[in-house]
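Here is the structure we will look at.
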(Lines of atoms letter the chains of each structure in order from A and count residues from 1; the text may use other names and numbers.)
(Lines give C-alpha, C1' and ligand atoms only; values in the text may rest on other atoms or scores of the structure.)
Protein backbone atom coordinates (compact mmCIF):
# COMPACT_ATOMS: atom_id res chain seq x y z
CA UNK A 1 0.00 0.00 0.00
CA UNK A 2 2.90 2.35 0.74
CA UNK A 3 4.25 1.87 -2.79
CA UNK A 4 0.82 2.65 -4.26
CA UNK A 5 0.60 5.80 -2.13
CA UNK A 6 4.00 6.99 -3.40
CA UNK A 7 2.97 6.56 -7.03
CA UNK A 8 -0.42 8.13 -6.32
CA UNK A 9 1.26 11.25 -4.91
CA UNK A 10 3.27 11.67 -8.11
CA UNK A 11 0.11 11.15 -10.16
CA UNK A 12 -1.72 13.81 -8.14
CA UNK A 13 1.09 16.27 -8.85
CA UNK A 14 0.91 15.55 -12.59
CA UNK A 15 -2.88 15.85 -12.68
CA UNK A 16 -2.70 19.14 -10.80
CA UNK A 17 -0.15 20.44 -13.31
CA UNK A 18 -2.35 19.31 -16.21
CA UNK A 19 -5.30 21.17 -14.72
CA UNK A 20 -3.29 24.33 -13.98
CA UNK A 21 -1.64 24.28 -17.41
CA UNK A 22 -4.99 23.83 -19.15
CA UNK A 23 -6.55 26.75 -17.31
CA UNK A 24 -3.51 29.00 -17.88
CA UNK A 25 -3.31 28.02 -21.55
CA UNK A 26 -6.99 28.73 -22.14
CA UNK A 27 -6.80 32.11 -20.38
CA UNK A 28 -3.64 33.16 -22.26
CA UNK A 29 -5.08 32.22 -25.65
CA UNK A 30 -8.32 34.08 -24.93
CA UNK A 31 -6.32 37.22 -24.05
CA UNK A 32 -4.30 36.91 -27.28
CA UNK A 33 -7.44 36.43 -29.37
CA UNK A 34 -8.97 39.49 -27.76
CA UNK A 35 -5.84 41.60 -28.45
CA UNK A 36 -5.56 40.39 -32.05
CA UNK A 37 -9.27 41.03 -32.57
CA UNK A 38 -8.96 44.61 -31.38
CA UNK A 39 -5.88 45.20 -33.53
CA UNK A 40 -7.62 43.74 -36.56
CA UNK A 41 -10.60 46.03 -36.03
CA UNK A 42 -8.31 49.10 -35.81
CA UNK A 43 -6.45 48.09 -38.97
CA UNK A 44 -9.71 47.54 -40.83
CA UNK A 45 -10.97 50.95 -39.70
CA UNK A 46 -7.75 52.65 -40.85
CA UNK A 47 -7.95 50.89 -44.22
CA UNK A 48 -11.55 52.06 -44.77
CA UNK A 49 -10.60 55.66 -43.97
CA UNK A 50 -7.60 55.43 -46.28
CA UNK A 51 -5.28 56.85 -43.63
CA UNK A 52 -1.65 55.69 -43.45
CA UNK A 53 -0.51 53.44 -40.61
CA UNK A 54 0.16 55.65 -37.59
CA UNK A 55 3.17 55.34 -35.30
CA UNK A 56 0.86 54.42 -32.43
CA UNK A 57 -0.75 51.59 -34.41
CA UNK A 58 2.67 50.33 -35.49
CA UNK A 59 3.76 50.24 -31.86
CA UNK A 60 0.59 48.34 -30.91
CA UNK A 61 1.30 45.77 -33.66
CA UNK A 62 4.87 45.30 -32.44
CA UNK A 63 3.68 44.86 -28.85
CA UNK A 64 1.02 42.36 -29.96
CA UNK A 65 3.57 40.29 -31.92
CA UNK A 66 5.94 40.34 -28.95
CA UNK A 67 3.12 39.25 -26.63
CA UNK A 68 2.21 36.35 -28.94
CA UNK A 69 5.86 35.22 -29.11
CA UNK A 70 6.33 35.44 -25.32
CA UNK A 71 3.07 33.58 -24.65
CA UNK A 72 3.97 30.75 -27.05
CA UNK A 73 7.43 30.41 -25.47
CA UNK A 74 5.93 30.37 -21.97
CA UNK A 75 3.35 27.71 -22.89
CA UNK A 76 6.04 25.59 -24.58
CA UNK A 77 8.24 25.85 -21.48
CA UNK A 78 5.37 24.86 -19.19
CA UNK A 79 4.58 21.94 -21.51
CA UNK A 80 8.16 20.66 -21.21
CA UNK A 81 7.84 20.85 -17.44
CA UNK A 82 4.76 18.61 -17.63
CA UNK A 83 6.79 16.05 -19.62
CA UNK A 84 9.38 15.91 -16.84
CA UNK A 85 6.58 15.39 -14.28
CA UNK A 86 5.18 12.50 -16.32
CA UNK A 87 8.68 10.98 -16.44
CA UNK A 88 8.86 11.19 -12.65
CA UNK A 89 5.69 9.06 -12.45
CA UNK A 90 7.38 6.37 -14.54
CA UNK A 91 10.45 6.50 -12.31
CA UNK A 92 8.24 6.25 -9.21
CA UNK A 93 6.60 3.13 -10.65
CA UNK A 94 9.99 1.55 -11.43
CA UNK A 95 11.28 2.48 -7.97
CA UNK A 96 8.29 1.16 -6.00
CA UNK A 97 7.27 -1.91 -7.99
CA UNK A 98 9.09 -5.00 -9.15
CA UNK A 99 8.84 -5.13 -12.93
CA UNK A 100 10.13 -8.70 -13.15
CA UNK A 101 7.22 -10.97 -12.19
CA UNK A 102 7.66 -13.71 -14.79
CA UNK A 103 9.51 -15.91 -12.29
CA UNK A 104 6.43 -16.17 -10.08
CA UNK A 105 4.75 -18.58 -12.51
CA UNK A 106 6.59 -21.35 -14.27
CA UNK A 107 6.27 -21.70 -18.04
CA UNK A 108 5.27 -25.31 -17.42
CA UNK A 109 1.82 -24.08 -16.31
CA UNK A 110 0.89 -23.71 -19.99
CA UNK A 111 0.97 -26.54 -22.50
CA UNK A 112 2.53 -24.24 -25.10
CA UNK A 113 2.97 -20.57 -25.92
CA UNK A 114 0.28 -20.85 -28.61
CA UNK A 115 -2.15 -22.33 -26.07
CA UNK A 116 -1.28 -19.55 -23.62
CA UNK A 117 -1.97 -16.89 -26.24
CA UNK A 118 -5.25 -18.51 -27.29
CA UNK A 119 -6.54 -18.72 -23.70
CA UNK A 120 -5.63 -15.09 -23.04
CA UNK A 121 -7.27 -13.89 -26.26
CA UNK A 122 -10.43 -15.84 -25.48
CA UNK A 123 -10.57 -14.37 -21.97
CA UNK A 124 -10.23 -10.84 -23.37
CA UNK A 125 -12.92 -11.46 -26.01
CA UNK A 126 -15.33 -12.84 -23.41
CA UNK A 127 -14.67 -9.82 -21.18
CA UNK A 128 -15.36 -7.43 -24.07
CA UNK A 129 -18.61 -9.22 -24.93
CA UNK A 130 -19.70 -9.13 -21.30
CA UNK A 131 -18.94 -5.39 -21.07
CA UNK A 132 -21.04 -4.71 -24.16
CA UNK A 133 -18.03 -3.74 -26.30
CA UNK A 134 -19.20 -5.95 -29.17
CA UNK A 135 -17.47 -4.14 -32.04
CA UNK A 136 -14.11 -4.22 -30.22
CA UNK A 137 -14.55 -7.95 -29.53
CA UNK A 138 -15.32 -8.63 -33.21
CA UNK A 139 -12.26 -6.63 -34.29
CA UNK A 140 -10.03 -8.60 -31.91
CA UNK A 141 -11.44 -11.90 -33.22
CA UNK A 142 -10.60 -10.88 -36.79
CA UNK A 143 -7.09 -9.67 -35.97
CA UNK A 144 -6.25 -12.73 -33.85
CA UNK A 145 -8.00 -15.20 -36.20
CA UNK A 146 -9.96 -16.44 -33.19
CA UNK A 147 -13.08 -18.40 -34.13
CA UNK A 148 -15.99 -17.69 -31.77
CA UNK A 149 -19.25 -19.59 -32.30
CA UNK A 150 -22.52 -17.69 -32.60
CA UNK A 151 -23.89 -19.82 -29.74
CA UNK A 152 -21.19 -18.33 -27.52
CA UNK A 153 -21.98 -14.75 -28.59
CA UNK A 154 -25.78 -14.99 -28.42
CA UNK A 155 -26.22 -14.80 -24.61
CA UNK A 156 -23.99 -11.72 -24.45
CA UNK A 157 -25.81 -10.05 -27.35
CA UNK A 158 -29.18 -10.58 -25.70
CA UNK A 159 -27.90 -9.54 -22.28
CA UNK A 160 -26.42 -6.27 -23.57
CA UNK A 161 -29.47 -5.47 -25.70
CA UNK A 162 -31.71 -5.64 -22.61
CA UNK A 163 -29.22 -3.75 -20.42
CA UNK A 164 -28.97 -0.94 -22.97
CA UNK A 165 -32.77 -0.66 -22.91
CA UNK A 166 -32.76 -0.54 -19.10
CA UNK A 167 -30.14 2.22 -19.12
CA UNK A 168 -32.56 4.18 -21.31
CA UNK A 169 -35.34 3.37 -18.79
CA UNK A 170 -37.12 1.06 -21.24
CA UNK A 171 -38.54 -1.89 -19.29
CA UNK A 172 -40.15 -3.65 -22.27
CA UNK A 173 -37.32 -6.00 -23.36
CA UNK A 174 -36.48 -6.96 -19.75
CA UNK A 175 -40.13 -7.73 -18.95
CA UNK A 176 -40.47 -9.87 -22.08
CA UNK A 177 -37.34 -11.79 -21.11
CA UNK A 178 -38.48 -12.25 -17.49
CA UNK A 179 -41.93 -13.52 -18.55
CA UNK A 180 -40.45 -15.99 -21.06
CA UNK A 181 -38.06 -17.33 -18.37
CA UNK A 182 -40.54 -17.13 -15.47
CA UNK A 183 -40.36 -20.78 -14.42
CA UNK A 184 -36.57 -20.91 -14.33
CA UNK A 185 -36.42 -17.61 -12.44
CA UNK A 186 -38.81 -19.04 -9.84
CA UNK A 187 -36.46 -21.99 -9.40
CA UNK A 188 -33.72 -19.46 -8.58
CA UNK A 189 -36.03 -17.68 -6.08
CA UNK A 190 -35.56 -14.57 -8.20
CA UNK A 191 -37.70 -11.47 -7.67
CA UNK A 192 -36.68 -9.93 -11.00
CA UNK A 193 -40.12 -10.01 -12.64
CA UNK A 194 -41.79 -8.44 -9.60
CA UNK A 195 -39.16 -5.69 -9.43
CA UNK A 196 -39.67 -4.90 -13.11
CA UNK A 197 -43.46 -4.65 -12.65
CA UNK A 198 -42.93 -2.54 -9.52
CA UNK A 199 -40.65 -0.14 -11.41
CA UNK A 200 -43.20 0.19 -14.23
CA UNK A 201 -45.90 0.93 -11.64
CA UNK A 202 -43.65 3.59 -10.06
CA UNK A 203 -43.15 5.20 -13.49
CA UNK A 204 -46.92 5.45 -13.81
CA UNK A 205 -47.11 7.03 -10.34
CA UNK A 206 -44.53 9.60 -11.42
CA UNK A 207 -46.93 10.62 -14.19
CA UNK A 208 -49.24 12.20 -11.60
CA UNK A 209 -53.05 12.01 -11.19
CA UNK A 210 -53.52 11.60 -14.97
CA UNK A 211 -51.94 8.13 -14.73
CA UNK A 212 -53.90 7.00 -11.64
CA UNK A 213 -56.42 4.82 -13.50
CA UNK A 214 -53.66 3.28 -15.61
CA UNK A 215 -51.64 2.56 -12.45
CA UNK A 216 -54.64 0.90 -10.78
CA UNK A 217 -55.20 -1.22 -13.85
CA UNK A 218 -51.52 -2.21 -14.01
CA UNK A 219 -51.56 -3.21 -10.32
CA UNK A 220 -53.24 -6.46 -11.40
CA UNK A 221 -49.81 -7.67 -12.48
CA UNK A 222 -48.88 -7.90 -8.77
CA UNK A 223 -51.40 -10.66 -8.05
CA UNK A 224 -48.99 -13.61 -8.67
CA UNK A 225 -46.46 -12.02 -6.29
CA UNK A 226 -48.86 -11.17 -3.44
CA UNK A 227 -47.72 -13.99 -1.17
CA UNK A 228 -43.99 -13.18 -1.30
CA UNK A 229 -44.13 -9.40 -1.68
CA UNK A 230 -47.27 -8.44 0.22
CA UNK A 231 -45.64 -5.62 2.22
CA UNK A 232 -44.09 -3.96 -0.84
CA UNK A 233 -47.37 -4.14 -2.75
CA UNK A 234 -49.20 -2.55 0.19
CA UNK A 235 -46.72 0.33 0.19
CA UNK A 236 -47.21 0.95 -3.52
CA UNK A 237 -51.01 0.85 -3.27
CA UNK A 238 -50.89 3.18 -0.25
CA UNK A 239 -48.94 5.73 -2.30
CA UNK A 240 -52.01 6.25 -4.51
CA UNK A 241 -53.62 8.23 -1.67
CA UNK A 242 -50.97 10.95 -2.05
CA UNK A 243 -50.95 10.98 -5.84
CA UNK A 244 -53.02 14.17 -6.18
CA UNK A 245 -50.96 15.97 -3.53
CA UNK A 246 -47.67 14.89 -5.12
CA UNK A 247 -45.50 11.93 -4.10
CA UNK A 248 -42.40 14.16 -3.86
CA UNK A 249 -43.62 15.63 -0.55
CA UNK A 250 -45.26 12.47 0.80
CA UNK A 251 -44.02 9.58 3.01
CA UNK A 252 -43.68 7.62 -0.25
CA UNK A 253 -41.14 9.94 -1.89
CA UNK A 254 -38.53 7.14 -1.71
CA UNK A 255 -40.42 5.35 -4.50
CA UNK A 256 -39.24 8.03 -6.95
CA UNK A 257 -35.55 7.51 -6.12
CA UNK A 258 -33.44 6.99 -9.27
CA UNK A 259 -31.42 4.31 -7.45
CA UNK A 260 -34.18 1.83 -8.40
CA UNK A 261 -32.86 1.85 -11.98
CA UNK A 262 -29.32 0.97 -10.90
CA UNK A 263 -30.74 -1.76 -8.66
CA UNK A 264 -32.82 -3.30 -11.45
CA UNK A 265 -29.77 -3.38 -13.76
CA UNK A 266 -27.76 -5.22 -11.09
CA UNK A 267 -30.62 -7.64 -10.37
CA UNK A 268 -31.15 -8.39 -14.06
CA UNK A 269 -27.43 -8.91 -14.68
CA UNK A 270 -27.07 -11.24 -11.69
CA UNK A 271 -30.17 -13.35 -12.43
CA UNK A 272 -29.68 -13.44 -16.19
CA UNK A 273 -26.05 -14.53 -15.83
CA UNK A 274 -27.08 -17.22 -13.36
CA UNK A 275 -29.78 -18.43 -15.75
CA UNK A 276 -27.51 -18.42 -18.79
CA UNK A 277 -24.67 -20.15 -16.97
CA UNK A 278 -22.45 -17.05 -17.00
CA UNK A 279 -20.54 -15.43 -14.17
CA UNK A 280 -21.57 -11.90 -13.18
CA UNK A 281 -17.95 -10.83 -13.56
CA UNK A 282 -15.88 -12.05 -16.48
CA UNK A 283 -13.08 -14.59 -15.86
CA UNK A 284 -10.60 -11.88 -16.88
CA UNK A 285 -11.91 -9.48 -14.21
CA UNK A 286 -11.82 -12.18 -11.54
CA UNK A 287 -8.33 -13.31 -12.54
CA UNK A 288 -7.04 -9.74 -12.54
CA UNK A 289 -8.57 -8.95 -9.12
CA UNK A 290 -7.23 -12.21 -7.66
CA UNK A 291 -3.80 -11.55 -9.14
CA UNK A 292 -3.65 -8.08 -7.58
CA UNK A 293 -4.23 -9.68 -4.17
CA UNK A 294 -2.02 -12.73 -4.65
CA UNK A 295 0.95 -11.24 -6.53
CA UNK A 296 2.59 -9.40 -3.58
CA UNK A 297 2.38 -12.58 -1.49
CA UNK A 298 3.80 -14.69 -4.32
CA UNK A 299 6.67 -12.24 -4.80
CA UNK A 300 7.54 -12.49 -1.10
CA UNK A 301 7.38 -16.30 -1.23
CA UNK A 302 9.64 -16.33 -4.30
CA UNK A 303 12.17 -14.06 -2.56
CA UNK A 304 12.22 -16.25 0.58
CA UNK A 305 12.61 -19.46 -1.47
CA UNK A 306 15.52 -18.00 -3.45
CA UNK A 307 17.16 -16.62 -0.30
CA UNK A 308 16.98 -19.95 1.54
CA UNK A 309 17.79 -21.96 -1.60
CA UNK A 310 14.83 -24.32 -1.23
CA UNK A 311 13.42 -24.20 -4.76
CA UNK A 312 12.03 -27.73 -4.43
CA UNK A 313 9.24 -26.42 -2.22
CA UNK A 314 7.55 -24.86 -5.25
CA UNK A 315 7.78 -27.64 -7.83
CA UNK A 316 4.14 -28.32 -8.73
CA UNK A 317 2.79 -26.29 -11.63
CA UNK A 318 -0.83 -26.43 -10.42
CA UNK A 319 -0.24 -25.97 -6.68
CA UNK A 320 1.15 -23.16 -4.50
CA UNK A 321 3.43 -23.82 -1.52
CA UNK A 322 1.02 -22.01 0.83
CA UNK A 323 -2.64 -20.99 0.80
CA UNK A 324 -3.32 -17.37 -0.19
CA UNK A 325 -6.41 -15.70 1.26
CA UNK A 326 -8.25 -13.90 -1.56
CA UNK A 327 -11.28 -12.80 0.45
CA UNK A 328 -14.91 -13.87 0.46
CA UNK A 329 -15.53 -12.29 -2.94
CA UNK A 330 -13.39 -14.96 -4.58
CA UNK A 331 -15.08 -17.90 -2.85
CA UNK A 332 -17.12 -19.73 -5.47
CA UNK A 333 -17.39 -23.29 -4.20
CA UNK A 334 -17.56 -24.63 -0.67
CA UNK A 335 -14.94 -27.30 -0.04
CA UNK A 336 -15.38 -30.14 2.43
CA UNK A 337 -12.52 -32.36 3.55
CA UNK A 338 -13.44 -35.67 5.16
CA UNK A 339 -12.26 -35.64 8.80
CA UNK A 340 -11.76 -39.43 8.72
CA UNK A 341 -9.79 -39.97 5.51
CA UNK A 342 -8.49 -36.38 5.42
CA UNK A 343 -9.33 -36.12 1.74
CA UNK A 344 -11.25 -33.46 -0.15
CA UNK A 345 -14.66 -34.68 -1.29
CA UNK A 346 -15.62 -34.79 -4.96
CA UNK A 347 -18.54 -35.76 -7.21
CA UNK A 348 -17.44 -39.38 -7.06
CA UNK A 349 -16.85 -39.20 -3.30
CA UNK A 350 -19.44 -36.69 -2.01
CA UNK A 351 -20.02 -35.65 1.63
CA UNK A 352 -22.66 -37.72 3.45
CA UNK A 353 -24.70 -36.49 6.43
CA UNK A 354 -25.41 -39.16 9.06
CA UNK A 355 -28.60 -39.29 11.16
CA UNK A 356 -26.72 -37.88 14.14
CA UNK A 357 -25.73 -34.82 12.11
CA UNK A 358 -22.06 -35.59 11.62
CA UNK A 359 -20.68 -35.45 8.07
CA UNK A 360 -18.13 -37.78 6.50
CA UNK A 361 -17.23 -38.77 2.94
CA UNK A 362 -18.88 -41.67 1.14
CA UNK A 363 -15.59 -43.60 1.01
CA UNK A 364 -15.24 -43.22 4.78
CA UNK A 365 -18.84 -44.39 5.26
CA UNK A 366 -18.19 -47.54 3.21
CA UNK A 367 -15.05 -48.32 5.23
CA UNK A 368 -16.86 -47.90 8.56
CA UNK A 369 -19.65 -50.37 7.74
CA UNK A 370 -19.45 -53.44 9.96
CA UNK A 371 -22.04 -56.20 9.80
CA UNK A 372 -24.47 -54.06 7.83
CA UNK A 373 -24.41 -51.34 10.49
CA UNK A 374 -22.56 -48.06 10.77
CA UNK A 375 -21.31 -46.54 14.01
CA UNK A 376 -20.62 -42.82 13.88
CA UNK A 377 -16.91 -42.14 14.52
CA UNK A 378 -17.80 -39.08 16.62
CA UNK A 379 -20.72 -40.24 18.75
CA UNK A 380 -22.16 -43.55 20.06
CA UNK A 381 -25.10 -43.59 17.62
CA UNK A 382 -25.42 -46.70 15.48
CA UNK A 383 -27.40 -46.45 12.26
CA UNK A 384 -28.22 -47.94 8.89
CA UNK A 385 -25.72 -46.87 6.19
CA UNK A 386 -28.61 -46.34 3.77
CA UNK A 387 -29.97 -43.56 6.01
CA UNK A 388 -27.05 -41.29 5.15
CA UNK A 389 -27.97 -38.36 2.91
CA UNK A 390 -25.72 -36.69 0.37
CA UNK A 391 -25.02 -33.01 1.08
CA UNK A 392 -24.64 -30.39 -1.63
CA UNK A 393 -23.01 -27.22 -0.32
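Here the Cβ of each residue, glycine as well, is placed from N, Cα and C on the backbone.
Here is what Swiss-Prot records for this protein:
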MOD_RES   1  N-acetylmethionine
DOMAIN    116-148  domain 'LisH'
DOMAIN    155-212  domain 'CTLH'
ZN_FING   338-379  zinc finger
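Here the domain 'LisH' (116-148) has long-range neighbours at 110, 156-157, 159-160, 163-164, 278, 282-285, 287, meaning same-chain residues at least 6 beyond its ends whose C-beta is under 8 angstroms from one of its own. DSSP assignment over the zinc finger (338-379) gives 7 helix, 12 strand, 23 coil. Summed and averaged per residue, pLDDT over the domain 'CTLH' (155-212) gives 89.
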